[in-house]
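Student: Take this structure first; my questions come after.
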């Protein structure tokens with residue numbers, strides 16, 4: 001419906017913010033995948049890669065933070081509906097430029113879970129920066145975006161520029 | 001001290017994560033400024049700028065989300081210390097490419113507030129995407145980074161590549 | 001059933017508080033509407049109405065607080081069930097005596113949402129007072145009450161004294 | 001200062017909401033007392049007073065909810081500063097018209113605690129209604145207001161119409 | 001399935017923590033009962049039993065804390081799914097050795113509620129210790145364990161050593 | 001003072017729960033150490049010890065949960081004061097009988113941090129059980145207790161039966 005894709009559905013006719021009514025939407029299986037990156041100085045990447053430092057733990061803390069962050073989405077994003085989550089997976093991969101993050105969230109509910117996936121990536125990125133900021137105070141979270149979502153009335157959407 | 005700037009201070013000798021002891025640090029006035037951007041499709045920027053839609057409210061929701069997000073930092077970032085915040089200011093500016101976000105946080109405590117400033121920017125960005133995602137499902141949060149911090153033993157730090 | 005309307009259902013036979021078992025209740029569409037008012041000094045009403053001050057934002061902050069407050073109901077009200085919310089709408093209207101607040105909440109679950117609607121009104125009122133208290137330290141939240149609820153076994157209930 | 005008492009200090013010059021900077025304010029002992037009432041049907045008052053029902057527990061749950069609510073104030077009121085609380089006391093008294101609630105909060109910090117006191121009263125009232133709503137679905141929270149505050153630059157303020 | 005009962009299902013093939021996907025599990029009625037004890041010095045037991053002190057209230061605070069704790073389980077246990085709870089009952093009984101705690105939780109969802117029942121017991125125990133620690137700084141929480149769970153694919157499980 | 005050590009300080013003269021006023025207490029450096037154990041079946045211990053499974057991660061998740069749990073103490077324990085924490089360290093050690101947990105918390109404030117240390121141990125134990133419950137549904141949290149506390153008017157207290 002054009003009003004769903006061409007207007008700010010969180011805002012009613014008078015311009016006031018509201019949590020939109022999803023009562024009429026079907027309960028359906030829904031997934032969303034989001035990705036992002038934390039750009040780090042070479043020194044910081046070396047520390048994460050080094051056998052001398054427990055890199056697994058730094059990534060591990062960020063992974064847990066991302067999963068817990070997905071659960072906090074309705075507390076953080078004012079107009080998000082509180083929904084059940086059926087599964088959350090957060091992956092962090094060290095690359096030359098820093099750390100790549102991806103999050104995949106599943107549910108069966110009346111609203112999509114792209115905000116939960118984006119929140120998982122953003123919070124994992126924040127936690128990673130917190131772990132590494134003594135080494136690299138200039139770390140940058142970048143390219144946090146939805147890659148794909150499935151389910152609901154609109155079905156599958158995938159990012160046009162995604163390979 | 002080199003161990004402060006050259007190692008993962010959140011991780012102890014055995015590699016286990018911990019909330020580092022800041023008892024010996026001085027209480028001092030501290031500030032941090034962070035910035036970031038949400039990249040949007042031209043259609044979404046037009047909607048935000050349009051007089052037909054309540055753009056003020058979309059930015060207003062994101063601003064509130066950012067301020068509240070700063071307060072939730074210790075809930076989100078596992079090893080962050082819970083601290084008092086003396087002031088938080090979040091600004092959002094519509095530009096051709098989307099929306100620019102900046103957050104400035106102040107405290108007088110034993111730890112810096114750069115994580116609070118980064119969290120404010122990230123959460124404001126998430127909330128903005130939530131408001132505009134029906135118009136632009138491809139919105140991207142990018143370039144979330146600390147611009148400057150002051151206070152504490154290390155004094156003022158500002159991003160080398162900042163203008 | 002008389003035991004539902006004539007006793008304290010949150011308290012078991014021995015007098016101990018419990019979260020009552022709703023397993024046997026049907027999942028049904030439910031709504032609740034609550035209202036309340038914040039009484040303000042004429043000076044404060046004038047400030048809110050004035051074009052010189054950003055009244056929209058003061059009401060906007062309160063509106064967001066009310067919506068987020070509805071989501072926090074199970075955290076605040078000890079024996080409330082955590083449930084999904086399908087929609088929340090909070091409206092604030094400036095009148096001569098102050099600001100009128102109404103909240104409408106929808107769900108499809110096993111329990112009613114009148115506590116969520118009441119919480120939305122109360123928290124919106126608290127946030128509004130916080131915004132205006134420098135102008136009017138004597139602001140009063142009053143007449144917070146359920147106007148109507150629908151759904152569930154008992155069906156529609158509306159306040160007897162409501163027009 | 002006139003700008004403290006004659007404008008919306010939570011809103012900056014451009015009209016954007018912010019958490020005001022209190023860095024320059026002195027740390028001083030501060031208290032606030034707030035009161036409110038829950039109006040109940042005579043049947044509900046009788047149930048609370050009756051020896052047959054555990055009225056102590058109903059009031060006890062509300063009292064705990066009020067104390068915990070005071071601690072959640074910065075989570076609920078968007079622009080409230082997160083501060084330490086040194087003491088919170090919530091009292092509920094059954095009267096013919098329902099239940100009277102008062103809350104007294106103490107701290108030593110840079111901001112007042114009137115929002116914490118008001119939140120304690122409001123949340124205690126919400127919890128009480130939740131306990132009694134099966135008996136009286138028409139309960140009303142009313143007259144929630146600050147009675148007195150002390151400390152800070154402005155010193156003691158007490159409600160003009162308070163006995 | 002053997003992989004469900006013989007491996008760490010919260011950890012994927014690569015060893016990374018995740019919130020396991022329960023999409024394929026059936027929604028079914030589920031219950032869990034957990035118990036635990038707080039061991040106290042005779043002096044503390046006497047205070048709780050004494051008519052001079054409000055023992056009901058000390059137990060009452062712990063009971064409320066347990067019920068609210070059950071609702072916070074997904075905030076506390078990193079990989080727990082956020083789910084609806086249909087009922088929570090927490091009981092505390094004074095015995096010669098201290099206080100016995102039991103919690104029973106019900107839901108109809110895709111995952112069991114044993115973590116919610118364990119959390120209710122543990123948090124009730126923490127709250128009880130907080131109430132009594134001035135009398136007995138040596139209080140001990142012990143024997144926190146699941147007694148029985150029902151529902152789901154595996155059906156009823158009861159502790160082998162339970163009577 | 002005898003009233004501090006011989007009565008329920010969280011309960012006032014009338015028997016009502018309150019958050020006790022600590023305004024008159026000195027700000028001083030305070031620490032607390034608590035310990036506990038999770039008893040596990042030999043099969044579960046073997047899985048944790050095995051090189052085939054990522055035991056580090058299971059312990060790592062529990063460690064993070066414990067640290068974050070310490071920060072949530074005032075949300076969980078109704079009458080606990082919200083205070084700053086200067087450091088939190090949680091250690092888990094695999095032994096033949098299961099996993100031993102210890103937590104050490106530091107602050108400089110007006111109240112002790114034994115509840116934070118106990119909460120860290122209890123929540124770490126809950127998280128560990130959640131990780132291992134598919135292997136061992138009968139895991140038990142036991143012997144959660146304060147070992148030592150320092151600071152404040154009463155100075156150092158250590159458990160009499162501690163080595």
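These residue numbers are counts, starting from 1, taken along the chain as shown.
Placed from the backbone N, Cα and C atoms, the Cβ positions cover glycine too.
Nobody curates TrEMBL annotations by hand; they come from automatic prediction.
So TrEMBL has the following annotated:
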DOMAIN    B:19-152  domain 'Molybdopterin cofactor biosynthesis C (MoaC)'
BINDING   B:79, B:80, B:81, B:115, B:116  substrate binding site
ACT_SITE  B:130  active site
Student: Does anything in the same chain, at least 6 positions from residue B:80 (substrate binding site), have a Cβ under 8 Å from its Cβ, and if so what?
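Tutor: Sequence-distant Cβ neighbours: B:19, B:73, B:74, B:115.
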Student: Using Cβ atoms and a cut-off of under 8 Å, determine which of the binding-site residues B:79, B:80, B:81, B:116 neighbour chain E, and list them by sequence position, or give 'none'.
Tutor: none
Student: Rounded to the nearest Å, what's the C-alpha distance separating residue B:79 (substrate binding site) and residue B:130 (active site)? Just drop the number here, would you?
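Tutor: Their Cα atoms are separated by 27 Å.
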Student: Just to be sure I understand, if DSSP states are collapsed into helix, strand and coil, how many residues of the domain 'Molybdopterin cofactor biosynthesis C (MoaC)' (B:19-152) fall in each?
Tutor: 48 helix, 45 strand, 41 coil
Student: Report, in whole Å, the straight Cα-to-Cα distance of the residue listed as 'active site' from residue B:81 (substrate binding site).
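Tutor: Residue B:81 (substrate binding site) and the residue listed as 'active site' have their Cα atoms 29 Å apart.
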Student: Which site among B:79, B:115 has the most other CB atoms no more than 10 Å from its CB, taking these as binding-site residues?
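Tutor: When each Cβ's neighbours within 10 Å are tallied, B:115 tops the list.
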Student: State the count of C-beta atoms found within 10 angstroms of the C-beta of residue B:81 (substrate binding site), not counting that atom itself.
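Tutor: The answer is 22.
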Student: Looking at the recorded positions B:115, B:116, B:130, which ones have a CB within reach of chain F, meaning under 8 Å Cβ to CB?
Tutor: none
Student: Calculate the distance in Å between the alpha carbons (Cα) of residue B:116 (substrate binding site) and residue B:130 (active site), and round it to a whole number.
Tutor: 21
Student: Taking the residues B:79, B:80, B:81, B:115, B:116 listed for substrate, what is the greatest CA to CA distance in Å, to the nearest whole number?
Tutor: 13
Student: The domain 'Molybdopterin cofactor biosynthesis C (MoaC)' (B:19-152): mean pLDDT?
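Tutor: Average per-residue pLDDT within the domain 'Molybdopterin cofactor biosynthesis C (MoaC)' (B:19-152): 92.
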Student: Which number gives the other C-beta atoms within 10 angstroms of the C-beta of residue B:130 (active site), all protein chains shown included?
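Tutor: By my count, 25.
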Student: Tally every other Cβ atom lying within 10 Å of the Cβ atom of residue B:116 (substrate binding site).
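Tutor: I count 27 other Cβ atoms within 10 Å of it.
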